[in-house]
Amino acid sequence: MARRKNHSIKIENNEKENQILVSLSIVALLGGCSEEQVQRDVYQSLDDCLADWKKIELCEADKNTESTQKTATTQQQGLGLNIRDNGNAESAVKNPAENNAQANQSENRAESTTKAESTDPSLGAAIAGGVIGYMAARAISSFLGPSYHPGNRAVTTPTGQVVQPQTNRSVGKPMLVKGNAGSMNSKPVSRGGFSSPNKTHRSSGG
């Protein structure tokens, strides 16, 4: 009787250990799904990124490079302003009559420009803002493409459109990103296994 009890206790312990192992495996798998590893292409310019992904909302400026360039540009602009101010001060002392004539001409030009833009100022401001934004983006020397799964260089937009580049103008190796995959503008196309796309089967009519 004692042997039978010991045998049954061992079986129960083995079953509990197996249940614990199975539950740990499930937790590990779920953790792997939530902490997906994706990658992003690195580009030297906005034009290169657009050549691959076709949509400007899929290209993002590298924040590290952008902050560094802004600091350098601000310093250069400060030096340039000091030089121009000194030059203007010297010319004002030398040629006061010429400066007055130039000032009158610039005022007339400003008035004519204001009259021309007064018909639709909002449109002019929108166009100017868009052009300035695009030119500022082109001045940045490092851009990142959207996040995608290794081995499947494709993303989906919020409207459901799948974008898969046919070219690759990125430089170096893609940047690996861990954690929450995707952004507001795109999501990586599923590799299969965790979520499968809906498939429609068409029946052939006889």
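Numbering starts at 1 and runs along the chain as displayed.
Cβ coordinates come from backbone N, Cα and C, glycine included.
Marked as compositional bias 'Polar residues' by Swiss-Prot: 66-79 (among others).
What Swiss-Prot records for 97-107 (among others) is compositional bias 'Low complexity'.
Annotation comment: Swiss-Prot describes 108-118 as compositional bias 'Basic and acidic residues'.
Among residues of the same chain six or more beyond the compositional bias 'Low complexity' (155-167), those with a C-beta under 8 A of the stretch's C-beta atoms are 51-55, 58, 146-148, 182, 184-189. The annotation compositional bias 'Low complexity' is assigned in Swiss-Prot to 155-167 (among others).
Residues or ranges marked as compositional bias 'Polar residues' in Swiss-Prot: 182-198 (among others).
Feature annotation from Swiss-Prot assigns region 'Disordered' to 64-123 (among others).
According to Swiss-Prot, the region 'Disordered' annotation covers 155-206 (among others).
Sorting the compositional bias 'Low complexity' (155-167) by DSSP state (H, G, I as helix; E, B as strand; all else coil) yields 0 helix, 4 strand, 9 coil.
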